[in-house]
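Peer 1: Sharing a structure with you now.
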Amino acid sequence: MALTQVETEIVPVSVDGETLTVEAVRRVAEERATVDVPAESIAKAQKSREIFEGIAEQNIPIYGVTTGYGEMIYMQVDKSKEVELQTNLVRSHSAGVGPLFAEDEARAIVAARLNTLAKGHSAVRPIILERLAQYLNEGITPAIPEIGSLGASGDLAPLSHVASTLIGEGYVLRDGRPVETAQVLAERGIEPLELRFKEGLALINGTSGMTGLGSLVVGRALEQAQQAEIVTALLIEAVRGSTSPFLAEGHDIARPHEGQIDTAANMRALMRGSGLTVEHADLRRELQKDKEAGKDVQRSEIYLQKAYSLRAIPQVVGAVRDTLYHARHKLRIELNSANDNPLFFEGKEIFHGANFHGQPIAFAMDFVTIALTQLGVLAERQINRVLNRHLSYGLPEFLVSGDPGLHSGFAGAQYPATALVAENRTIGPASTQSVPSNGDNQDVVSMGLISARNARRVLSNNNKILAVEYLAAAQAVDISGRFDGLSPAAKATYEAVRRLVPTLGVDRYMADDIELVADALSRGEFLRAIARETDIQLR
């Protein structure tokens with residue numbers, strides 16, 4: 001099934017604690033789809049609350065309910081202080097700094113937290129679920145600073161900024177800017193909530209920051225991999241490359257990694273109908289015909305194989321895909337997990353544990369960062385392949401259409417692509433950066449939200465690298481005069497570029513061209529072009 005559809009019907013997303021997907025989170029975040037908390041989930045939450053309250057009334061010690069928090073667990077707190085204890089927790093941990101998450105990112109975080117609480121083991125009252133759902137459905141979006149999470153005990157600081165809005169404090173976004181929550185709630189006639197036993201803790205003690213953001217990053221990264229395949233196919237056609245490296249038997253039978261199979265299938269589909277590509281058998285026959293009798297060694301201008309950057313696409317992009325598939329799987333598990341502490345199960349002892357620890361997501365998002373970094377490397381090397389006259393199979397230096405020397409063509413446009421590859425490589429794994437905190441109570445932490453933010457940064461950088469490649473591939477088509485021989489998919493891709501940016505005839509200001517195409521990539525425009533203009537269903 002294609003990852004991106006031309007049109008998506010806006011139907012409510014069921015938030016039941018069991019079935020939420022990365023794709024559904026994107027719908028809530030990006031398309032502003034509404035959410036529905038099923039009656040069964042409300043009933044589970046109510047049952048969990050009743051179990052909890054029965055325990056609490058017996059004065060049984062419960063972390064964060066009759067005790068202080070974190071390292072201060074040794075402090076016993078009377079249950080008469082329940083509201084004050086929960087409110088103080090939220091206020092004190094609303095200490096995030098730095099830029100605010102974008103509105104779609106904040107919506108993803110809220111959706112992730114709502115689904116975790118809807119699983120029914122966190123002992124919050126149903127009104128908490130209903131209020132978070134109301135926020136998503138009415139477009140009330142908490143203003144959440146990006147910096148402050150250690151990824152264990154979950155994303156405390158970011159989620160505190162969500163919880164603070166429920167009690168009428170902190171800020172929400174209006175037109176992308178923070179305004180006081182109290183003002184917005186008053187305008188809408190919404191009464192702030194009073195947090196009861198455990199509810200402050202349940203709201204903030206979990207992985208929903210890294211998981212919500214990670215869902216957006218991984219979903220978009222899968223689309224970026226597809227768009228990398230699209231431009232690679234166009235570029236291969238422009239330089240009259242071979243389709244043989246993508247034959248099914250070399251992947252489905254010989255080396256059946258799922259991502260490799262999917263990428264090879266996409267490459268075959270994208271170049272189907274091309275009058276420019278060649279096959280290995282044709283090259284072999286031509287080489288045999290060219291060989292002079294009686295010579296043991298002779299030079300030929302016929303290359304049976306092109307460089308790795310034009311041949312190892314299934315192996316490289318396919319491995320990126322496999323990494324993203326793994327991350328998507330881990331995110332789906334985490335989205336549908338109870339990841340606060342403590343947890344309550346009927347007929348069982350209170351579970352005091354550490355499900356808030358973000359290590360699974362931290363590792364997964366670091367893997368994503370590594371994979372996307374290599375995707376950027378591949379794109380930059382493909383750019384170089386058509387800009388370097390010694391490697392470009394007859395194309396002029398830097399794709400200059402006029403007088404080389406007087407004009408520089410794409411020489412300058414290559415620099416940001418190369419610089420961004422280097423920048424991506426400086427972004428090391430955050431999951432190995434544990435720093436003890438909280439009086440050494442939190443002595444091993446995941447830094448998972450940093451991992452997710454790092455992956456987001458590389459994703460954004462790659463859109464700019466790929467933008468240069470799209471521009472260069474279209475320019476190669478123009479200079480070579482090979483448009484008529486392109487496959488239907490390549491023509492659709494070329495025309496999508498040219499709707500944004502004209503051919504580079506003489507040198508001009510290039511930054512705007514790159515940003516226009518990068519923005520189109522971020523919106524999935526080239527996926528839509530393929531879906532609209534061809535019958536190809538990309539994997």
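A Cβ is built for glycine as well, from the same backbone N, Cα and C atoms used for every other residue.
I grabbed these lines from Swiss-Prot:
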ACT_SITE  Tyr63  active site, proton donor/acceptor
BINDING   His93, Asn205, Arg311  substrate binding site
MOD_RES   Ser153  2,3-didehydroalanine (Ser)
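How about a rundown of where these features are and what they're close to?
Peer 2: Within the same chain, the residues at least 6 positions away from Tyr63 (active site, proton donor/acceptor) whose Cβ sits under 8 Å from its Cβ are Ile73, Asn341, Pro342, His352, listed in sequence order.
In the three-state DSSP assignment, the secondary structure recorded for Asn205 (substrate binding site) is coil.
Classification of Ser153 (2,3-didehydroalanine (Ser)) by DSSP places it in coil, neither helical nor stranded.
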Peer 1: Which ones in the same chain are close to His93 (substrate binding site), with CB under 8 Å and 6+ residues apart in sequence?
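Peer 2: Counting only residues 6 or more apart in sequence, the Cβ neighbours of His93 (substrate binding site) under 8 Å are Leu156, Ala157, Ser160, Ile204.
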Peer 1: Max CA to CA distance in Å over the substrate-binding set His93, Asn205, Arg311?
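Peer 2: Output for substrate binders His93, Asn205, Arg311: max Cα distance 51 Å.
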